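**Student:** There's a structure below that I have some questions on.
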Amino acid sequence: MFAQLAPSPSPSPANVSHFVHRRTFRQCTYAVSASLPTANSSRPPPIQIVGGKDLNLDVTRKDDSIGFKLEANEDEIDWMNLESDIRLWTRALRPVQWYPGHIMKTEKELREQLKLMDVVIEVRDARIPLSTTHPKMDAWLGNRKRILVLNREDMISNDDRNDWARYFAKQGIKVIFTNGKLGMGAMKLGRLAKSLAGDVNGKRREKGLLPRSVRAGIIGYPNVGKSSLINRLLKRKICAAAPRPGVTREMKWVKLGKDLDLLDSPGMLPMRIDDQAAAIKLAICDDIGEKAYDFTDVAGILVQMLARIPEVGAKALYNRYKIQLEGNCGKKFVKTLGLNLFGGDSHQAAFRILTDFRKGKFGYVSLERPPL
């Protein structure tokens, strides 16, 4: 659907941008196993999160241009604390990196194909819109007309949709929320792509050229739903699509009617992901290959995140798994679930938790909030 905003009762000033932070916290403690991998093992030593962290952050937002201060509300502080904690938690973990060989080849081809595109459709995961955009995206697109699609809109709340719509609207970016599985928003996306590139044939006529189809490229990270959207637009399965990263490995142009050509492209990731908090979120949302991460590490971080997100909380974790979260230690929670349900297999327990999240078993959960 198009981004439709609910009325906001108290809009904040446009230039609120400065922050004064005062932070006190008891840090998590981490222990890295001293055991070494065996000769037959390609995995690094196992890493265990041992302790929890209790953080208290007071934030005052200041707008120097208008001379007054605004207190950040409790929800904003909670999210800022959580983002800070995620970065702390990931320091002890093996870095999450995934760059299969076909991506380098595809990146070169994509830059060439961009020259042919009238409009570019960037698809992101609505649960983590900031973590699912390529750092080179703006440089690649330049001044080309652009549509931002936040897919999996069925997995976030109406409030989250409104907040993200406001955030991107302020940047002048056209946003459509879609559900690639059910096709919601897909046809509206096709109409918008045609309308944005409507002047293409007008210019061609002025030059005495025949009209041609509008060319729209669909690009984005792995497994964010690019191929599924194309299949919904075409109303038949033309592009290979599956709920895992790396299925699409080659670029493919397909026709939508007489006047729109669509380019399906493989998921594009940077060669190195410097922001490991973002990398963990990619792993949680299944937007990066499974070989890139340790399931128990990622599930442990997810448990700690869910416990801190108001829409979920430790109570929801207990109600689902009948396990108390002790000391905000997600790794211990995963291990206990493994003992209770899977004969001590922590990997299977981690897989269950991640699968439950990916299937929406915890309700509408966004793992990111728009920056203040």
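Using the three backbone atoms N, Cα and C, a Cβ is placed for every residue, glycine included.
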**Student:** Kindly point out which candidate in GLY190, GLY198, GLY257, GLY267 is recorded by Swiss-Prot as part of the GTP site with ASN151, ARG152, GLU153, ASP154, ASN223, VAL224, GLY225, LYS226, SER227, SER228.
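**Tutor:** Matched candidate out of GLY190, GLY198, GLY257, GLY267, per Swiss-Prot for GTP with ASN151, ARG152, GLU153, ASP154, ASN223, VAL224, GLY225, LYS226, SER227, SER228: GLY267.
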**Student:** Using Swiss-Prot as the reference, determine which range in 45-49, 65-69, 125-129 is annotated motif 'DARXP motif'.
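**Tutor:** Within the set 45-49, 65-69, 125-129, Swiss-Prot attaches motif 'DARXP motif' to 125-129.
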**Student:** Let's see if you can do this one: DSSP helix, strand and coil counts over the motif 'DARXP motif' (125-129), in that order.
**Tutor:** 0 helix, 1 strand, 4 coil
**Student:** Take the Cβ of GLY225 (GTP binding site) and count every other Cβ within 10 Å, whichever protein chain it belongs to.
**Tutor:** 27
**Student:** Near ASN151 (GTP binding site), which residues of its own chain have a C-beta under 8 A away, given they sit six or more steps off in sequence?
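**Tutor:** Within the chain, ASN151 (GTP binding site) has Cβ neighbours under 8 Å at VAL123, ARG124, ASP125, ALA126, PHE177, THR178, ASN179, GLY180, VAL224, GLY225, SER228, LEU229.
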